[in-house]
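J.: Not my notes, these are from TrEMBL:
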| type | residues | note |
| --- | --- | --- |
| ACT_SITE | Asp169 | active site, proton acceptor |
| BINDING | Lys71 | ATP binding site |
| BINDING | Asn174, Asp187 | Mg(2+) binding site |
| COMPBIAS | 357-375 | compositional bias 'Polar residues' |
| DOMAIN | 43-313 | domain 'Protein kinase' |
| REGION | 332-375 | region 'Disordered' |
Amino acid sequence: MSFSCFGAFNSEKTKSREQEEEIGTNNVKLFSHNSLRSATSHFHPSNKIGGGGFGVVYRGILRDGSRVAIKLLSSESKQGTKEFLTEINMISTARHSNLVQLIGCCVEDRHRILLYEYLENNSLASVLLRSKSKGVHLDWPKRVAICMGTASGLAYLHEEAKPQIVHRDIKASNILLDENFHPKIGDFGLAKLFPDNVTHISTRVAGTVGYLAPEYALLGQLTKKADVYSFGVLLLEIISGKSSSMAAFGEDLLVLVEWAWQLKEQERLLDLVDPELTEYPARDMLRFIKVGLFCTQAASKQRPTMKQVQDMLSKEVKLNEKLLTEPGVYRQYNSQRSGGGKSSSMVIKGKQHKNHSASSNQLDSFQSMTNILPR
Ligand SMILES: Nc1ncnc2c1ncn2[C@@H]1O[C@H](COP(=O)(O)OP(=O)(O)O)[C@@H](O)[C@H]1O
Ligand SMILES: [Mg+2]
């Protein structure tokens, strides 16, 4: 069985019945490389809107006038056509108002390209963490809506999507915002399109280091709770208006979650709040910060599920702080920074298959190691 690639608009009449059936099953439109070239003015640099670990992203306009984000997957994702389309089919069945909708793909020759709905306000990273000078002001109700919407999208991926999806890369640049600043999670399911040695943090750790649950970064233990950890970091970023991976906090130059914990110990939690945020209900704000701390606890079992997070954020519940334990932090060694952290992850990968108690011990010993690392 072959999956040929053709223009979504100019080849309609030439489609065979067999192809139509396949497209029906696959639930996504197939685009020719030619049609994507015209949508992006031959992938003109002025249409490039970003590039992350999975590939380069272009803005494009289809023949029907709709705007799309066109993602050229990097060369590592060279699955066979059939395997690729199987994964795409899986991704396309996940539909929720807080997920970026996959529109179609191109699998011509060696090209592996995905088309997504275009989100007007770019990513949360650019709005919240980089573009303050551009005058985008996220007030408290907008930030609440972004937190709640993201929690809702992630809870859907974890509980309702079939099959359930662990995102693996929750971070501010994967939260896209529409014209009303309604959040949509992007890049879900993508990790599966890459071989494991590529999707694992060994090659991608630099961009996402601030979000990585320690047990995932160190031991490769990937569960929904690793996403919960990243969501907790995101929550603290939304509240503080600062990037976890790009800044150091407090006098001791801590990472964001450590700083939040220090402020909690000092009963100064509101010091975490973005100075640009002047009006907010203190009780809700404190609850949100504490939810961030619950999510980033070192022991993954202690972290809530995303459904519980939704409840904790939306209801005026009193959180039992006695149950709250210290956050875990993954930090790269200085000597590994220049080498991209590869040696670290190789050591960890070797330990992945050991039993749970051995892994826990490794994690414990790492956590005590982090305490003595120079900051
Ligand atoms: N659907 C989309 N609509 C608008 N902009 C997008 C969309 N998808 C991605 N982008 C932009 O492209 C950038 C790069 O995306 P990506 O390749 O996923 O890398 P990363 O998520 O690591 O930043 C994002 O930060 C965002 O600014
Ligand atoms: Mg992304």
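Just so it is clear, glycine is given a Cβ too, placed from its N, Cα and C backbone atoms.
Nobody curates TrEMBL annotations by hand; they come from automatic prediction.
Please go over these features one by one and say how buried each is and what sits next to it.
T.: Of all Cβ atoms in the shown protein chains, 25 besides its own fall within 10 Å of the Cβ of Asp169 (active site, proton acceptor).
Around the Cβ of Lys71 (ATP binding site), 25 further Cβ atoms fall within 10 Å across all displayed protein chains. DSSP assigns Lys71 (ATP binding site) to a strand in the three-state reduction.
The Cβ of Asp187 (Mg(2+) binding site) lies under 8 Å from the Cβ of Gly52, Phe54, Val100, His167, Asp169, Asn174, each of these being in the same chain and 6 or more residues away along the sequence.
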J.: Would you count the other C-beta atoms found within 10 angstroms of the C-beta of Asn174 (Mg(2+) binding site) for me?
T.: 24
J.: Sort Asn174 (Mg(2+) binding site) into helix, strand or coil using the DSSP assignment.
T.: helix
J.: Through the lens of DSSP with three states only, how would you label Asp169 (active site, proton acceptor)?
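T.: Assignment for Asp169 (active site, proton acceptor) reads coil.
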J.: When you measure from each Cβ to the nearest atom of ligand 2, which of the recorded positions Lys71, Asp169, Asn174, Asp187 fall under 6 angstroms?
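T.: Among the recorded positions listed, those whose Cβ sits under 6 Å from ligand 2 are Asn174, Asp187.
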J.: May I ask which of the recorded positions Asp169, Asn174, Asp187 have a CB within less than 6 Å of any atom of ligand 1, listed in sequence order?
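T.: Among the recorded positions listed, those whose Cβ sits under 6 Å from ligand 1 are Asn174, Asp187.
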